[in-house]
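Noted in Swiss-Prot for the protein shown:
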| type | residues | note |
| --- | --- | --- |
| BINDING | Arg302, Asp339, Asp343, Arg481, Asn484 | (2E)-geranyl diphosphate binding site |
| BINDING | Asp339, Asp343 | Mg(2+) 1 binding site |
| BINDING | Asn484, Thr488, Glu492 | Mg(2+) 3 binding site |
| MOTIF | 339-343 | motif 'DDXXD motif' |
| TRANSIT | 1-45 | transit peptide |
Amino acid sequence: MATLLQIGSGVIYSNALRKTLRRPQSSTCIIVTETTPCNKSPTVQRRSANYQPSRWDHHHLLSVENKFAKDKRVRERDLLKEKVRKMLNDEQKTYLDQLEFIDDLQKLGVSYHFEAEIDNILTSSYKKDRTNIQESDLHATALEFRLFRQHGFNVSEDVFDVFMENCGKFDRDDIYGLISLYEASYLSTKLDKNLQIFIRPFATQQLRDFVDTHSNEDFGSCDMVEIVVQALDMPYYWQMRRLSTRWYIDVYGKRQNYKNLVVVEFAKIDFNIVQAIHQEELKNVSSWWMETGLGKQLYFARDRIVENYFWTIGQIQEPQYGYVRQTMTKINALLTTIDDIYDIYGTLEELQLFTVAFENWDINRLDELPEYMRLCFLVIYNEVNSIACEILRTKNINVIPFLKKSWTDVSKAYLVEAKWYKSGHKPNLEEYMQNARISISSPTIFVHFYCVFSDQLSIQVLETLSQHQQNVVRCSSSVFRLANDLVTSPDELARGDVCKSIQCYMSETGASEDKARSHVRQMINDLWDEMNYEKMAHSSSILHHDFMETVINLARMSQCMYQYGDGHGSPEKAKIVDRVMSLLFNPIPLD
């Protein structure tokens, strides 16, 4: 393996870099003049997405410093952590107080410090008789239901039957109960009927009515309207965890009657400390990206190293996983680059050569590629082999066959879409989704993620991931694709691209665009039900529950990135720049 790594360095790398296309004066051109090994004609017409350059300056990134995360703050955080631990284990707390405390710790982003304690509390509670709480309090019942299901416990939706019997007599002023009921409904599985058909629509309508009634009122010191609007905008269970934490810290700090000053101070300091760690990681991957030369040389591709790092925070935010985040940022950036080669720039003949290169995985055949592809393939080759070398060294498993196959699979899926576009083929929705689950790139991401994240690698797991046999991966990939399609398909069709899920459904059924979009949104709901089912059945799965959670987190992250537009292609228009600033560059002020 060392030989493979050595081959992809030195002279070959330098020659590839020098031969790669130079940046033209404008990145919005449609006609590019060049001569390549596969095309002797001096003029090749190519598409352009007109992507804007990165708005993040590398040298500015290197200068970022978090003054709130000094050693003094780390010591202060650790002292507060022990105080919070004592509060969590306080036997004088009522059961509801304990559930609410756990919920606050999770929403404030500090529950990772107390995973063992929280798991013990919930496991013990799950085994006890809980009929008293079920009969008396909607908020308590719904909160318990959500926390149990979030942690993979199999709780029946029947706990809500006692409330449904008097559905018309619900206390509409019980806003806490309604919010808890609404949030609990998003933990439904494909086996549940009442949660989706009755409970969620009812709770949603009550919350909308509450907003309409109180939007111009001062509803107490803690702005309940803001909390309800946030929930309606995106249910907590679907939200990117780190972003939700940043919002909740501010909301929690507004409380007057029931906020815990120790907890909120602990959460603020911890947020800033973790942010400082993330900043250092971002500096490292930004430097790597500059060294590859890809952002400069492949002018037509999205230069999005900061956004690619942002994706990894959504998948796994805890400070101890810095190597995982940095490695996966590199994979994300390389996938973004080849996606744009297939979608925008390459001719069909060139793309076929590129796909063969991934199949062969042979650096000695580099010169068979068009000049602009050589550097890209070489960087991918080097990075993947480097990852495999580290895994062989630390975990004693050769993962090159699995990593290589994941790149071959995604390149073949990209090529299928290029052929569809070239031929004018319009797939039906099922045909489209079978390919799109792979072309969205998440199966490739998950194979690499599993290799660098898991302490103990299983060949059986690698084989099922490589063969696309894990249903939770299929569901997460589908949510990723559909969330992307809902906001990017108009721009992609305008520049010339294959039909997306919305257009496939319209063509297949004759539905209007509005109905097609509604159908896609329902597909996302159904996919979440399937993922929730897989999570509750994790005890019979060969996937470790921690890895399964990162798979689900990618679905959350995709809905964050595409909530208001194409957050990866046009981050400023989609509010992603503001979100990146809040998580990576703006520390929380401390009193």
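Yeah, the Cβs are placed from backbone N, Cα and C, and that goes for glycine too.
Listed binding-site residues: Asp339, Asp343. The one with the lowest count of other Cβ atoms within 10 Å of its Cβ is Asp339. Pairwise Cα distances among Arg302, Asp339, Asp343, Arg481, Asn484, the recorded (2E)-geranyl diphosphate-binding residues, top out at 18 Å.
Note: the CA-CA distance between Arg481 ((2E)-geranyl diphosphate binding site) and Thr488 (Mg(2+) 3 binding site) rounds to 10 Å. Counting every protein chain shown, the Cβ of Asn484 ((2E)-geranyl diphosphate binding site) has 23 other Cβ atoms within 10 Å. For the pair Asp343 ((2E)-geranyl diphosphate binding site) and Thr488 (Mg(2+) 3 binding site), the C-alpha distance works out to 13 angstrom. Cβ neighbour count for Arg481 ((2E)-geranyl diphosphate binding site): 26 (other Cβ atoms within 10 Å of its Cβ, all protein chains included).
Sequence-distant neighbours of Thr488 (Mg(2+) 3 binding site) (same chain, 6+ apart, CB under 8 A from its CB) are Lys500, Tyr562, Asp566, Gly569. Taking a C-beta cut-off of under 8 Å and a sequence gap of six or more, Arg302 ((2E)-geranyl diphosphate binding site) has these contacts in its own chain: Ala49, Tyr51, Thr336, Thr337, Asp340, His568, Gly569. The DSSP secondary structure for Arg302 ((2E)-geranyl diphosphate binding site) is coil.
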